[in-house]
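A.B. asks: One structure, pasted below without further comment.
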């Protein structure tokens, strides 16, 4: 199993990061993609990817941090992306839910990162919340120039999902789908994701699966819980968990070009 979304740079992991990685490996996780959400976090993620043989990282600026994007940021992201442990540009995209950066700042940073990914021929690791139409409008001109793209932590509608799949995007599914309050619609969409376009992730330390038992006292999510998410996704799709694990692993290798 490969976890395509781990925020291992989070302060929630500062005291036991080695143990978190050890527990993940013991739980059957064979690889992890560490998410970079701004320049500093991307640099830290790359250092952690160097430290742990089972980890790779992304380099990019999250829409929340898009106000930080400047020409110096771009130069630093490009330099970082040339490191062998960095296998995708992102986390980038649009988030019009809370607009921590203005829509204009988000669009500027997103388009710049799409251009970088195209120039470096690297896949993009993307985020979209309450911005689907504009997200696709900005992404569309770049699709034939990119080697691949994943929309991580998908929580949209069936129509939005189909529009993403029709454009060749991979779909990242998190423990959100295990939430009996807000994940039911996503759960119903699982069978409509082509197996060859499905990826799984924890988004740890966030999105602890609500149906996990026993729940950790800290309420912190970990990559070790990926097995639980995969088992639930396989159940709701009517597939064998081992087959789905092998299939999603193959998807990771295809999209990110890594061996694990």
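Each residue's number is its place along the chain shown, starting with 1.
Note that Cβ sites are derived from N, Cα and C of the backbone, with glycine treated the same way.
Below are the features listed in Swiss-Prot for this protein:
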- 91, 127, 152: divalent metal cation binding site (BINDING)
A.B. asks: Based on DSSP, name the secondary structure state of residue 91 (divalent metal cation binding site): helix, strand or coil.
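C.D. replies: DSSP call for residue 91 (divalent metal cation binding site): strand.
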A.B. asks: Let's check the environment of residue 91 (divalent metal cation binding site): how many other CB atoms sit within 10 Å of its CB?
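C.D. replies: That number is 28.
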A.B. asks: Where does residue 127 (divalent metal cation binding site) sit in the DSSP three-state scheme?
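C.D. replies: SS state of residue 127 (divalent metal cation binding site) = strand.
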A.B. asks: Within the same chain, and leaving aside 91, 127, 152, name every residue whose CB is within 8 angstroms of the centroid of the CB atoms belonging to the recorded divalent metal cation site, in sequence order.
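C.D. replies: Leaving out the recorded residues gives 5, 35, 62, 90, 92, 93, 125, 126, 128, 151, 153, 172.
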